[in-house]
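Asks: Take a look at this one; I'll ask things after.
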């Protein structure tokens, strides 16, 4: 029953964690924030985890572990609900648009009245109603909820695994832990699939008429029903907490495990590492710092620590923004990007970890061979990842941003201008983002900047006409939304997916050998490993997001003024920044691995020599003991023979 409950808890936490990754672009657009702030929100989970992980792992085993795990699941659930709270306490989502329908008329107001500047009051609608809004940014609630979710997740893994290890037989413990880890891999699949489903649904579904919505899921302003997935994940997490309240503090121990436990406590060498049941909290706290000092004084472990943190920075930053990379670079919708992550990438990683475990068992690798195997798989994945640089897509053709208005030449991205002679008669805002697709295949930032003087229709079916910038005669029309000429990307995208699956599988092969090295080198201090994972997970999304922000070409405009979320990126710069940062971190980790291999080799040789000397010393002691035994036995035999001779003589006499 504990195994079932723990597996369900693992599934719930993995589902909500992966769903958070799948909603980063939705949150970015909904709260009009840049990518680096999304990185802060994403890293806040590790902040919450880091606050309590050491204490929970070190002291939690002395308390009622199932109930502590249950409390953690409840906290995770509350944190998940808090993340969804801003949707219910703020107004409806209002995306940027310059299309305004006139009162009691099927005709829309003219985007660009020819010959006279637009009325300034027409633009004042952007700022109406701002006086009554709270100064507190709503994304703060998402951050606080994610911190609480991280605090609640803390006891699930260390206390759950230790409970299994304490009360299961040795042959069953590994099987039980394997079952739990398998279920935890299934969670992200459902998390990304849930993210894909919710991204298709409009954020205010049921409260607005979809006929009036002029954007589609492929639009840079589209926001899906991000809050719905958090409600579902919160309910699942809350249900996972129920069984733990009915489980006992301890179970009947297996006789063999109890005997081994008693022998372990009787062994002087292990006495300090395993405090007795009646040890006080203060005594345990005193032992914590010396244990940490000893661990950090281990040279091999320090190098392993540096390599792991750098590799985790690369991995976490890459995974966090991979759906966004697929969206921006290959012009896919958020729904499709999340779906592909769930059904292709995550299963490839799971299969790689499982296959790595099978290879470890079949090849019977020692610690040095395991280190070389993990390094080799990571290096192969590194060289394959270099091919991603060649898988490029051209920038979208946006007049005044990526191409000139005559579409004859590209323009400088840092000196682009959306104003030109064809829209000089219109009073337009350069900060608006309401793209339309002209008949010439060029996207224009807004109908006003395209020089359109009239429009008809409503919603997605709005058609703009008499656009002076689209055709020489000004009689060309345009439709809402960006132009989607993705022939080059459509051809490249399947190769990108195939290579992504292959690299994910190969790199994941080294996951199990790394765990073996971990268990051999750091002497079982697993809670410290989680601390270092958290340490890597906090900064990586932030500086990855900050570097991605530098590639933005057109920022959105907040309803009440100020820069919002990015609407279009420089595709080439985005690819170089995202892939370059990922591979640069991995390059540094490979360089640090070289002294690590040297030290590990020296350590293993030293232990081997010590083992040989110890064996020889033991054999010498055994031989000396045998000689003494032979001497005693020979003396006894001699005295026995003398005694027998005397008895025989007496008998003869």
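Just so it is clear, glycine is given a Cβ too, placed from its N, Cα and C backbone atoms.
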Asks: With the ranges 2-23, 68-89 to choose from, which does TrEMBL describe as transmembrane segment?
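Replies: When 2-23, 68-89 are checked in TrEMBL, transmembrane segment belongs to 68-89.
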Asks: Which stretch, out of 339-359, 402-422, 423-443, 444-464, is listed as transmembrane segment by TrEMBL?
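Replies: Comparing 339-359, 402-422, 423-443, 444-464 with TrEMBL, transmembrane segment matches 339-359.
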Asks: Looking at 173-194, 195-216, 261-282, I want to know which stretch TrEMBL calls transmembrane segment.
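Replies: The listed stretch tagged transmembrane segment in TrEMBL is 173-194.
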Asks: At a threshold of under 8 Å on Cβ distances, which of 33-56, 173-194, 339-359, 576-600 pairs most often with the transmembrane segment (371-391)?
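Replies: The stretch with the most contacts is 576-600.
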Asks: Verify whether three or more Cβ pairs under 8 angstroms connect the transmembrane segment (339-359) with the transmembrane segment (173-194), leaving out any pair fewer than 6 apart in sequence.
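Replies: These two segments touch.
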